There are 2 protein chains.
Amino acid sequence: MVATSTVERLALDSLPLESGASLSAELAYVTHGTLSPTRDNVVLVPSYYTGTHDSYRPWIGAGGVLDTNRWFVVVVNMLGNGVSTSPSNGGAFPLVTVRDQVTAQRLLLDHLGVERLRLVLGWSMGAMQAYEWAVSHPDRVDALLPICGAARCSPHNHVFLEGVRAALLADPAFAGGAYDAPPVAGLRAFGRVYAGWAYSREFFADGTYRQLGYESVEAVLEDWAQDHAARDANDLLAMMDTWQSGDVGRGRDGHEHALASITARTIVMPSTTDLYFTVADSAVEASLVPGAELRPIVSDLGHLAGRPGVRAAETEAVAAAVRDLLGGAWDR
Amino acid sequence: MVATSTVERLALDSLPLESGASLSAELAYVTHGTLSPTRDNVVLVPSYYTGTHDSYRPWIGAGGVLDTNRWFVVVVNMLGNGVSTSPSNGGAFPLVTVRDQVTAQRLLLDHLGVERLRLVLGWSMGAMQAYEWAVSHPDRVDALLPICGAARCSPHNHVFLEGVRAALLADPAFAGGAYDAPPVAGLRAFGRVYAGWAYSREFFADGTYRQLGYESVEAVLEDWAQDHAARDANDLLAMMDTWQSGDVGRGRDGHEHALASITARTIVMPSTTDLYFTVADSAVEASLVPGAELRPIVSDLGHLAGRPGVRAAETEAVAAAVRDLLGGAWDR
């Protein structure tokens, strides 16, 4: 298979969902690099909240964090993100859980003729999907790298998201999702609430935002307001529903039992200043995965520490973890 | 002067404000205990965000945290809180800074014939006013006990408040403050956003909310929504403006210089899990106040750890600090 970076689409006919409903959908994905003849060089990267296949580009390329000279990198857009089937492009949209996303992605691997993943990794909601992969299909995942994520949406994380959701719903222009014009005031409020959670105390106190090109604290808030004003409200809420659904332990005798079943070589990579995917939660989860290493990204960027392309030091930390997980020293 | 607990009102005619504007207002306050003949047993307690004179009642009484057998306790409603002059009861309301609140409270002490405060203490915004007292009037403050507060509103704290504000303003029923009916959707969203910040990760993860009588995480969110739906939107924003204005260093060569000028015996009492008045910020501030002791409240209640009447262990921590600051071992 030849390298490509155009968006491809896999039709999923009546994808069975956890809820009992089903969804006919298209799963949009991009591949980079070349699939080896033995199909043993595949790295899977699920998208994150408000992210697309394109968001991981800073990590992908010849000699990059995900080196396309060696690896066949499959970047998949989660259902609901506006590229794959979503409220904004597909009409009625049921709850799609993190586990449902993995079901869809498994069908994609089957379509590609890929049995095993050398590595599944992702940032934030991408990490939630990566965990779900390692629990759902231990026989198909060699290595796992969750970055600023978790195996389940913690209660506090749920509460933070409920606040963000409430800000959007306070705008009657949302109209229960049946808006004609976008609920701009609600979307802007959504962004301004979110901004307080995305970074850290230090990011604001120490003026770190200037390193990211913001002139002021208000410029950060305004950027988040504008960014979200341009997004589709129903897509934002669909992805939020997915996020809040995340729990590898559901129906599997709970969180501890599910994490204990992971066989992938694992490095758990929280940011030391993440306010919702906290290092404390990651430490617990790393302790429950057999042989896992907890390797925090020491950063003042909060949750954003792990987002691709934000800052070189954090990218290098991720690159080192990828090297360790894909390196020749380890083989199975 | 005889003990009383009825609300009294001091008329302030053309209170000069930092902005250059002035405000004619009534300052509402309550006193508990008996003023000694030498007027040397006064403890001042400024109100906190959405609090009133009544909010501190769990601490006040014979043998209580603030023992009315010994101390004359003056609890003052900050301007904007709905009891003192506020948007909801007084019409046009300019920016009243934390420093302006202290100006108003100084006039109250003058009115009462009180020169010196044995102690000024408060929780949250009450702590901000207490710090401002100790900097503005070092000659009148013997001891200072800021609980879950700070000498200035940190940038991250400002951002959190902007999120809360945005959620309210997303409701067009707010109508730029000229609402006839309350903007209920916006007020409810305000409460739901706020709830994520008020407690801690542990509070939600460990089910600590059950100790406070909540059956579920959603019950916490709904309580905050309902509580704020019953409040006046303009009062909430006026107090928020005050909060965000807090900075003992403004016009005084900055934060460090201002804190270094404090002469009061000081115990700085953050909660170990406070998400916006962080223990890290309090540690810095305690290090800048000559002789101050940093004495964190070890608690999983987040910011709420210091709110009067929430839990006995935290109340005892506050009581011990009050005893140490008012105890006989120390005299000046």
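In case you wondered, yes, glycine gets a Cβ from its N, Cα and C as well.
Bear in mind that the values here come from a model prediction, so they are computed numbers and not experimental data.
Per TrEMBL, the feature active site, nucleophile maps to A:S124. Over all protein chains present, the Cβ of A:S124 (active site, nucleophile) has 26 other Cβ atoms lying within 10 Å.
Close to A:D274 (active site) in the fold, though at least 6 residues off in sequence, lie A:C148, A:S200, A:G302, A:H303, A:A305, each with a CB less than 8 Å from its CB. A:D274 (active site) falls outside any helix or strand according to DSSP and counts as coil. TrEMBL lists A:D274 (among others) with the feature active site.
Feature annotation from TrEMBL assigns active site to A:H303 (among others). Taken residue by residue with DSSP, A:H303 (active site) is part of a helix. A:H303 (active site): 23 other CB atoms within 10 A of its CB, across all protein chains.
According to TrEMBL, the feature domain 'AB hydrolase-1' maps to A:42-205.
Per-residue pLDDT, averaged along the domain 'AB hydrolase-1' (A:42-205), amounts to 97 for this model.
A:S124 (active site, nucleophile) falls outside any helix or strand according to DSSP and counts as coil.
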